[in-house]
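S.K.: Quick one: this structure, given as structure tokens, is what I'll be asking you about.
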Protein chains: 2
Amino acid sequence: MKNYIKADPWNIIEEGFNPQLNKISESIFSLGNGRMGQRANFEEQYSGPALQGNYIGGVYYPDKTRVGWWKNGYPNKIDKVINATSWIGIDIEIDGEVLDLAHCEVEDFKRILNMREGYLERRFTARLKNGKCIRVQALRFCSIADDEIGAIRYCLWPLNFEGTLKITVYLNGNVYNQDSNYGEKFWEPGVTEVSDEGMYLFNRTKKTGFEVCTGSNFLIRKNEKQIRIDLEDICDQDYVGQRFFVEVKKNQPLSIDKISVQLSSLNHPGGQLMQCARQSLGQAMHKGFDQLKQAQAVAWAKKWEESDILIEGDASAQQAIRFNIFQLYQTYTGKDDRLNIGPKGFTGEKYAGATFWDTEAYCLPFYLATAEKQVSRNLLLYRYKQLDKAIENATLLGFGDGAALYPMVTMDGSECHNEWEITFEEIHRNGAIAFAIYNYVRYTDDRSYLADYGLEVLIAIARFWKQRVNWSGAKQQYVMLGVTGPNEYENNVDNNWYTSKMAVWCLRYAREAAKQVSRASPGKYKDLLQRVHFKEEEFEAWAAICSNMYLPYEPSMGIFLQQDGYLDKQQRLVTDLPAQDRPLNQNWSWDRILRSCFIKQADVLQGLYYFEEEFDLETLKRNFDFYEPRTVHESSLSPCIHSILASRLKDKTRAYEFYLRTARLDLDDYNNDTEDGLHITSMAGTWMSIVEGFAGMRVINDKLNFDPLLPEGWTSFSFRVQYRECILLFKIATAEITIENKGHKGIDLKIREKDRHIPGNKVVQLDQD
Amino acid sequence: MKNYIKADPWNIIEEGFNPQLNKISESIFSLGNGRMGQRANFEEQYSGPALQGNYIGGVYYPDKTRVGWWKNGYPNKIDKVINATSWIGIDIEIDGEVLDLAHCEVEDFKRILNMREGYLERRFTARLKNGKCIRVQALRFCSIADDEIGAIRYCLWPLNFEGTLKITVYLNGNVYNQDSNYGEKFWEPGVTEVSDEGMYLFNRTKKTGFEVCTGSNFLIRKNEKQIRIDLEDICDQDYVGQRFFVEVKKNQPLSIDKISVQLSSLNHPGGQLMQCARQSLGQAMHKGFDQLKQAQAVAWAKKWEESDILIEGDASAQQAIRFNIFQLYQTYTGKDDRLNIGPKGFTGEKYAGATFWDTEAYCLPFYLATAEKQVSRNLLLYRYKQLDKAIENATLLGFGDGAALYPMVTMDGSECHNEWEITFEEIHRNGAIAFAIYNYVRYTDDRSYLADYGLEVLIAIARFWKQRVNWSGAKQQYVMLGVTGPNEYENNVDNNWYTSKMAVWCLRYAREAAKQVSRASPGKYKDLLQRVHFKEEEFEAWAAICSNMYLPYEPSMGIFLQQDGYLDKQQRLVTDLPAQDRPLNQNWSWDRILRSCFIKQADVLQGLYYFEEEFDLETLKRNFDFYEPRTVHESSLSPCIHSILASRLKDKTRAYEFYLRTARLDLDDYNNDTEDGLHITSMAGTWMSIVEGFAGMRVINDKLNFDPLLPEGWTSFSFRVQYRECILLFKIATAEITIENKGHKGIDLKIREKDRHIPGNKVVQLDQD
């Protein structure tokens with residue numbers, strides 16, 4: 001855990017330059033716009049420890065897999081988002097010495113991530129070995145208004161000299177993925193071009209054939225006046241740049257506005273990328289840095305209007321929630337149903353930039369409440385479009401008759417992961433994908449989605465569960481053998497309560513959804529049944545399973561059992577563990593972790609979170625009190641669920657404790673792994689901890705419910721949700737709850753189980769009781 | 001399954017050249033002498049499919065491991081026996097065209113492995129593209145009399161021409177392991193030398209620094225007279241050769257006697273290898289091919305005298321058992337306690353040439369009965385010497401106080417395998433190593449071994465089991481969680497009957513062995529206890545576990561349960577499986593295999609084999625009848641145990657069926673994998689199927705027991721066993737059993753539970769009843 005980020009409501013601030021922290025800061029200060037993302041690498045040369053990273057959503061490479069002992073059924077590739085041509089480079093040379101913060105004295109270093117306006121600023125003074133002193137201010141952003149544009153303003157002031165600077169502005173395609181399994185380069189050799197209208201680097205990925213064209217142009221201001229200067233063109237295979245020499249005077253600023261565009265064949269016609277890039281870049285240059293930056297501020301203002309959470313009385317919590325929201329919208333904006341949310345977003349290579357169940361289980365609620373319906377719908381359509389591949393995947397594993405198993409890790413719908421206990425057995429992911437459909441429909445009331453897309457997915461998933469369970473002669477019940485639950489610290493277990501519960505729920509909901517569609521859209525229903533060869537007899541088999549599924553339960557303790565045999569384990573509590581044993585996954589061998597009672601992340605409790613309406617508070621409390629003390633929270637996805645459940649149990653202290661752990665996970669580098677990238681998907685869990693946790697928001701019987709709780713030390717917290725046609729602003733303060741209905745239509749809510757009507761365009765204030 | 005090997009009692013014969021079968025034949029016709037092994041690669045160039053292989057026992061390289069998802073506790077290397085400098089090369093060029101069976105017409109091709117005398121012969125006629133016809137006869141062996149020598153006699157006859165042959169005799173160090181994880185070469189660049197006294201190639205392995213010097217010299221006979229000829233020396237970095245041109249006449253033979261030596265720093269002082277090689281090669285050349293071959297025949301005659309099994313009335317079974325015995329002695333002769341028996345011996349790269357539990361569980365009984373005590377003792381000492389590393393290995397996995405976990409796969413005692421469910425959980429191997437000590441002492445009565453070495457190993461293993469079990473509050477018994485039994489088609493299960501049974505046995509036997517040693521050698525006992533910090537209170541904890549260990553059992557069926565939850569599986573029989581699903585491990589995804597009831601190899605039955613004295617025949621039958629029909633025998637180690645148990649149950653048909661399956665596994669390429677190398681360790685199981693199976697040999701209460709059974713179609717079978725001071729020859733025929741006591745001392749046996757005395761130097765004949 002670290003503590004070097006300064007608290008501030010709207011900014012993330014690092015003061016002082018510490019090369020040891022640089023890779024962590026590169027992650028924390030990452031920029032993105034849902035289409036591209038750029039780690040906080042320096043514009044100028046830097047020879048110290050760094051992870052260069054510029055990634056483009058949807059552009060990936062199928063790396064050859066690396067497996068020690070092959071298991072039948074493994075995919076032979078892992079699709080990875082690729083480090084793409086770097087558009088940020090500006091080399092500075094002063095009197096023959098290159099500016100490189102690893103080789104000079106650095107003073108007054110400051111990095112600021114301005115979340116309100118969406119840009120990164122960096123300032124420092126450097127004293128070179130040759131004694132020359134220079135002040136630099138670099139400002140840059142990835143435009144969320146036009147998501148193919150990145151812009152930089154790089155200003156420098158000679159502090160103790162006058163003379164000639166040698167400056168090279170360039171694009172660099174000599175980039176690699178550090179996680180390439182066999183040190184392979186993922187791009188074909190690039191094509192470069194340079195002219196008065198800019199420099200261009202055209203790339204094509206090997207195998208997948210994605211094309212990317214990066215263009216860049218710049219203008220120079222000396223002493224705040226634009227100047228024209230002779231440029232030397234450099235045009236190598238994977239590198240294109242322009243170099244110039246410029247006389248500078250002491251304390252007089254020289255600035256470079258570098259504007260870049262990065263276009264891919266996902267969004268532009270094949271063969272015309274270079275031409276499109278020229279056009280885009282021309283337009284962007286015409287607008288210029290200031291206008292682009294203004295548009296960026298406006299676009300972010302709108303995002304904040306829709307999604308901000310204001311916390312009064314706790315600067316650290318305030319900064320953290322904004323950081324989480326900011327990074328989520330930097331990663332996914334919901335414009336494109338081919339894109340999704342990788343666990344690290346665009347902030348690193350880990351987890352390959354691919355899609356996990358995190359999206360449905362953690363991210364969807366955030367986007368449901370803070371964005372237009374279309375955004376969540378696109379997340380669902382992403383899976384709908386991959387249904388064929390999910391069916392193919394299930395077929396490979398021996399299932400048939402249209403059963404679908406969505407992959408554990410995917411880019412295009414095919415499985416990319418090669419760990420049998422996960423890939424083949426962590427099948428609860430199928431449930432999360434079904435639940436997301438339920439959650440979306442429940443929240444948005446968009447019932448057409450079921451008829452058009454949702455039911456088809458639900459049937460395929462139900463068919464999978466139907467085939468995945470088997471009848472146990474010994475138990476005279478249906479069982480589910482050989483699974484891995486959300487708690488990955490148990491592998492290949494029998495009858496994981498969460499997975500079996502989820503399977504039963506899926507079978508029930510698929511049938512219920514079918515009924516709804518058959519009533520509401522009989523024509524579509526009939527077509528669908530024909531298309532997927534569905535016979536209504538299948539319902540009977542589903543019902544038989546639902547009515548006689550084995551769900552392990554320990555009556556003497558009143559708890560659901562995580563899996564068969566859980567109580568055979570030596571029962572210890574996390575508080576019994578010596579500090580030097582934590583985290584377990586770095587200190588214990590894998591088998592020791594597996595046979596211990598310690599839990600990585602919510603498992604039974606994840607199920608109680610999903611299906612809370614079925615269980616009373618006493619049941620929740622018993623299970624929480626049993627499982628939480630055995631949970632080491634070594635998944636970033638764990639604290640948020642525990643925070644929500646603790647809120648539900650009115651345990652303010654622990655709810656807040658878990659909140660902080662999820663909220664500041666990356667800012668404070670809790671798990672010592674922020675340098676690999678940020679935990680983007682768990683950031684949505686932070687939002688959930690507040691809105692579903694502290695505020696207790698639920699949709700029950702088509703009605704929004706709240707059950708607010710104000711953490712100790714907070715004066716108030718405020719948030720905004722879109723729900724169906726309404727926009728509601730909530731403020732939970734010490735003495736009162738204020739609800740503003742921003743729409744014209746009134747809405748009926750339940751606050752602490754009491755019905756409340758909030759008329760359109762009105763503010764209603766309720767006393768805290 | 002293939003069927004191209006001709007039946008013959010003493011020879012393995014292939015007729016006709018089929019390049020598709022070449023890699024299989026390269027395995028089957030492999031040569032070895034316990035110190036080095038050579039696949040049946042051709043002397044002359046061959047550009048068709050081949051796996052070049054020449055391996056030296058004890059010389060290995062720690063290849064960098066290849067793992068997709070790292071688990072804490074994994075070793076970062078895998079030690080591999082290395083493909084070493086090839087000593088067989090003789091290139092033939094006729095009129096500018098290289099002799100290469102991939103590029104000419106081949107007639108009358110015949111390969112013969114002469115097992116009686118221990119050599120490989122190959123004959124063929126080749127018609128080159130240029131029309132020249134040549135007859136070749138190549139004969140070679142790896143000397144078992146002097147295990148650093150290999151010799152070749154390569155004869156050729158021009159059939160339709162006279163002219164000049166260009167011949168190159170060489171050593172080639174440009175060799176790779178095909179299974180190198182990252183395409184790395186494991187040897188440093190070699191040093192070569194050539195003179196009148198031979199050619200030499202000196203090699204050193206990277207990292208491990210083993211040194212090997214290969215030397216070769218040759219003589220030429222034309223028309224059966226030795227000739228001297230001008231030689232051109234070729235001396236490159238990893239290649240050294242001598243080339244000559246020789247005039248040949250139609251039908252007049254030209255022959256080359258090439259003699260090679262291969263010395264390693266394991267057996268010769270560092271820095272003097274080249275000198276030693278010169279001396280060895282000089283001596284070998286002085287003896288010459290014929291004398292060396294004669295010594296080989298004599299040495300093999302002695303081996304056969306000690307270990308041959310004669311089967312009358314079944315040529316195929318006869319050939320098979322000799323092939324198995326021959327390959328075992330080619331792999332391990334027991335001279336050197338630093339060497340062991342890899343599952344593929346020296347016949348391929350698979351399984352890295354490393355040591356598995358196969359040695360103790362399958363090979364030991366063979367060597368106990370067919371060789372001097374010292375041979376088996378060396379196998380045991382191999383593990384004793386690695387005890388420190390086994391303790392270190394257990395420490396890495398969280399055990400303490402001197403507990404030892406022997407590695408799953410090892411060369412020098414350290415773990416080399418990286419599959420968590422095997423490496424960390426297939427811990428029953430520890431039991432096999434303890435059982436081998438028991439078995440050795442029981443068979444040889446060498447009780448000094450316990451005091452000097454065995455007890456120390458047993459205590460360390462018992463300490464492991466003591467820590468590995470835990471008390472189950474739910475069951476109020478000790479349980480063993482998270483293991484993989486011998487049936488690797490189940491991973492990470494709880495309470496595998498075999499493993500738990502074995503653990504209890506180990507705890508009991510360690511205590512019993514301690515008592516024996518304390519009585520017989522109190523001084524050594526005291527020293528040992530002090531050295532390993534053993535307190536006799538530990539016995540109490542062991543006894544507590546033994547008296548209350550949970551061993552899953554299903555009373556309604558009277559069967560031991562393979563593991564918790566086995567009866568929750570869908571119960572199917574192997575006969576229900578469609579043919580196209582077999583073998584499962586090539587057709588089903590891993591999870592499907594795991595959750596099925598199908599068993600890879602004996603598991604509960606392996607335990608009943610080990611501990612048969614504890615169970616009556618009814619119990620054995622019930623378990624056999626339940627488990628065998630669920631067993632797919634996809635491990636080469638499975639049929640032999642089933643054959644032995646079927647013999648015990650007097651089920652002749654199945655005992656014979658399983659015998660054939662183990663005996664001809666490689667000759668008939670049952671599993672379609674003989675090209676990777678032979679299943680050396682399961683070959684000992686073939687021997688067990690006859691001696692422990694058909695003949696029913698056991699040691700019970702210090703007495704040798706037999707319970708013979710003659711398979712249908714066999715007229716008789718005969719075998720020889722060394723037991724303590726006695727040497728006994730058995731012949732089981734239709735009408736009678738003949739027992740010859742070759743020693744001076746009489747011996748008391750039990751035949752079919754009746755006591756029999758066999759006086760020294762006498763033959764006793766008993767009627768079959």
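Using N, Cα and C of the backbone, Cβ positions are placed for all residues, glycine too.
So TrEMBL has the following annotated:
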DOMAIN    B:13-264  domain 'Glycoside hydrolase family 65 N-terminal'
DOMAIN    B:322-688  domain 'Glycoside hydrolase family 65 central catalytic'
BINDING   B:Trp357, B:Asp358, B:Lys600, B:Gln601  substrate binding site
ACT_SITE  B:Glu488  active site, proton donor
DOMAIN    B:697-754  domain 'Glycoside hydrolase family 65 C-terminal'
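For each listed feature, how buried is it and what is near it?
M.R.: Taken together, the residues of the domain 'Glycoside hydrolase family 65 central catalytic' (B:322-688) have an average pLDDT of 97.
For the recorded site, B:Gln601 (substrate binding site), the DSSP three-state label reads coil. Listed in sequence order, the residues of the same chain lying 6 or more apart from B:Gln601 (substrate binding site) and placing their CB within less than 8 Å of its CB are B:Pro486, B:Asn487, B:Glu488, B:Thr631, B:His633, B:Glu634, B:Ser635, B:Leu637, B:Ser638, B:Ile641.
Residue density at B:Glu488 (active site, proton donor): 20 other Cβ atoms are found within 10 A of its Cβ, drawing on all protein chains shown.
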S.K.: Give the residue counts of the domain 'Glycoside hydrolase family 65 C-terminal' (B:697-754) per reduced DSSP state, in the order helix, strand, coil.
M.R.: 0 helix, 35 strand, 23 coil
S.K.: Tell me the Cβ contacts of B:Lys600 (substrate binding site) under 8 Å, same chain only and six or more apart in sequence, or just say none.
M.R.: B:Asn487, B:Glu488, B:Tyr489, B:Asn585, B:Thr631, B:Val632, B:His633, B:Glu634, B:Ser635, B:Ser638
S.K.: For B:Trp357 (substrate binding site), just give me the three-state DSSP call.
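M.R.: Once the DSSP labels are grouped into three classes, B:Trp357 (substrate binding site) ends up as coil.
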S.K.: Quick check: with B:Trp357, B:Asp358, B:Lys600, B:Gln601 left out, which same-chain residues have Cβ atoms within 8 Å of the centroid of the substrate site Cβ atoms?
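M.R.: Apart from B:Trp357, B:Asp358, B:Lys600, B:Gln601, the close residues are B:Phe356, B:Ala361, B:Pro486, B:Glu488, B:Ser635, B:Leu637, B:Ser638.
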